[in-house]
Amino acid sequence: METHKSLLFFTNYVLFLVFTLSFLPIPGLLASRLNPFEPGILMPTEEAEPVQVDDDDQLGTRWAVLVAGSMGFGNYRHQADVCHAYQLLRKGGLKEENIIVFMYDDIAKNELNPRPGVIINHPQGEDVYAGVPKDYTGEHVTAKNLYAVLLGDKSAVQGGSGKVVDSKPNDRIFLYYSDHGGPGVLGMPNLPYLYAMDFIEVLKKKHAAGGYKKMVIYVEACESGSIFEGIMPKDVDIYVTTASNAQESSWGTYCPGMEPSPPPEFTTCLGDLYSVAWMEDSESHNLKKETVKQQYSSVKARTSNYNTYAAGSHVMQYGNQSIKADKLYLFQGFDPASVNFPPNNAHLNAPMEVVNQRDAELHFMWQLYKRSENGSEKKKEILQQIKDAIKHRSHLDSSMQLIGDLLFGPKKASAILKSVREPGSPLVDDWGCLKSMVRVFETCCGSLTQYGMKHMRTFANICNAGVSHTSMEEACNAACSGHDAGQWHPTNQGYSA
């Protein structure tokens, strides 16, 4: 009897304690799950915490435009980046009808692809190609079509699915581009290039038409900061980050022979440093909690190789800085599986080995050469391709220097050609002049190619120095007289402007 009374008293006492403690403001006590596991892992009896729904989440449509501006298996990484971005956005709830994809689509089924029909963007990554819509592929991946799509102008689109950003004043737009670039230009697999001022004018026109509420733009390319430096307005409700500043390269990563390395059967880089940084950040955080600013900071640290800038670049930002306070889900969507992920936590400070964007093509060709059978015709052909590519690079470099000597004299040429304007200044005063000088050069000396895009600042400086069209023609003819451009003649490659 006494034992029964004691047990009853003890039980009532425990219940009293539990009832009392549940009302005390003791941090972490009973109010928390006391989950000993990592964030994002729940016990079977637990339910995910409800996510607050913002008013903004009920208004407007999220749009995305994804652009891979290259072609060829050596540029595998650009299409891998874009396919990965598509999968991320779809998991975030963006509808296929609101995501428009530009990619040449010559990678997945390429004879050099060791995994036919599959594209990966990480050494241990899953296929990111499956389900990606073929909106604008092959010859339809052009700057002109991109402009028409952004403006929602169906009548101006040539080929492709015909999808355009038919957005309304309360909609949000996310634009992501990955490819080669140069001062003032972004590459396209079908020439001409995208020129900065043309692109900015399209953005201004979209804003003037009330075509969106806010826009976020991410750009992966060499010298990508030059696309916006000095010409990006702050009053058009657009926030931009770029993989590099106006003067430096961006970087390929997950490359053969480097760490982290792709699976051994791959001969090409799987991704780009800035691109994998933002996507892997988005996949590991709750985008209802993480802000645009937090992602910018994380990506900036990782792309700089953790502030060493040893084979890293300076991630830059332009446009309306107030957008940085917005939560990322407003542009990239929200994956319910990430509900208990942290809002942001830095990756381990593990520098990644990378290759300069402009050298990635040679790195790829060298991998093919090393893996070819000794003495085979294939090995000889690849070696000749490498020699031809290096020879054309050398020709471009020496021709530009000689043209400078002819225009300004040997003593002044280098200083003028390599001149860099003050931060905040546009690359060139007359963008029409820039295009004209590029066409004159390519007519005489051959196509710039992905490598030669680096000389765009030289052309800009020639324009800024007041050189006439006639003087440029005379200098180019003298510098490249007798040169046979062969496969790199603009009649084969097209003009870059």
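Backbone N, Cα and C define each Cβ position, glycine as well.
Residues or ranges marked as active site in Swiss-Prot: His180. Here His180 (active site) comes close to Gly69, Ser70, Asn75, Leu186, Gly187, Ala221, Cys222, Gln357, Arg358, Gln450, Met453: these same-chain residues lie at least six apart in sequence, with C-beta atoms under 8 angstroms from its C-beta.
Look at Swiss-Prot and you will find Cys222 tagged as active site, nucleophile, backed by similarity to another entry. Cys222 (active site, nucleophile) falls within neither a helix nor a strand when secondary structure is assigned with DSSP, and so counts as coil.
The annotation disulfide bond is assigned in Swiss-Prot to Cys255-Cys269 (among others). The Cβ of Cys255 (disulfide bond) lies under 8 Å from the Cβ of Ser261, Pro262, Thr268, Cys269, Leu270, Glu353, Val354, Val355, Ala360, His363, each of these being in the same chain and 6 or more residues away along the sequence.
In the three-state DSSP reading, Cys463 (disulfide bond) counts as helix. The feature disulfide bond is assigned by Swiss-Prot to Cys433-Cys463 (among others), with similarity to another entry given as support.
If you look up Swiss-Prot, you'll see Cys445-Cys480 (among others) marked as disulfide bond, on the strength of similarity to another entry. With a 10 A radius on its CB, Cys480 (disulfide bond) counts 20 other CB atoms from all the protein chains. Following the DSSP three-state reduction, the secondary structure of Cys480 (disulfide bond) is helix.
Long-range Cβ proximity for Asn320 (N-linked glycosylation site), meaning a same-chain Cβ under 8 A and a gap of 6 or more residues, is found for Lys214, Lys234, Asp235, Val236, Asp237, Ile238, Tyr239. Taken from Swiss-Prot, the feature N-linked glycosylation site applies to Asn320 (among others), supported by sequence analysis.
Cβ environment of Asn374 (N-linked glycosylation site): no same-chain residue six or more positions apart lies under 8 Å away. Feature annotation from Swiss-Prot assigns N-linked glycosylation site to Asn374 (among others).
Feature annotation from Swiss-Prot assigns signal peptide to 1-31; the stated evidence is sequence analysis.
For the pair formed by Cys480 (disulfide bond) and Cys463 (disulfide bond), distance between Cα atoms is given as 20 Å, rounded to the nearest Å. Ranking the recorded positions Cys222, Cys445, Cys463 by how many other Cβ atoms lie within 10 angstroms of each Cβ puts Cys463 at the bottom. Cβ neighbour counts within 10 Å, taken over all protein chains shown, single out Cys269 as the most crowded of the disulfide-bonded residues Cys269, Cys433. Put simply, Cys445 (disulfide bond) is 18 Å from Cys463 (disulfide bond) when counted between their Cα atoms.
The secondary structure of His180 (active site), as reduced to three states from DSSP, is coil rather than helix or strand.
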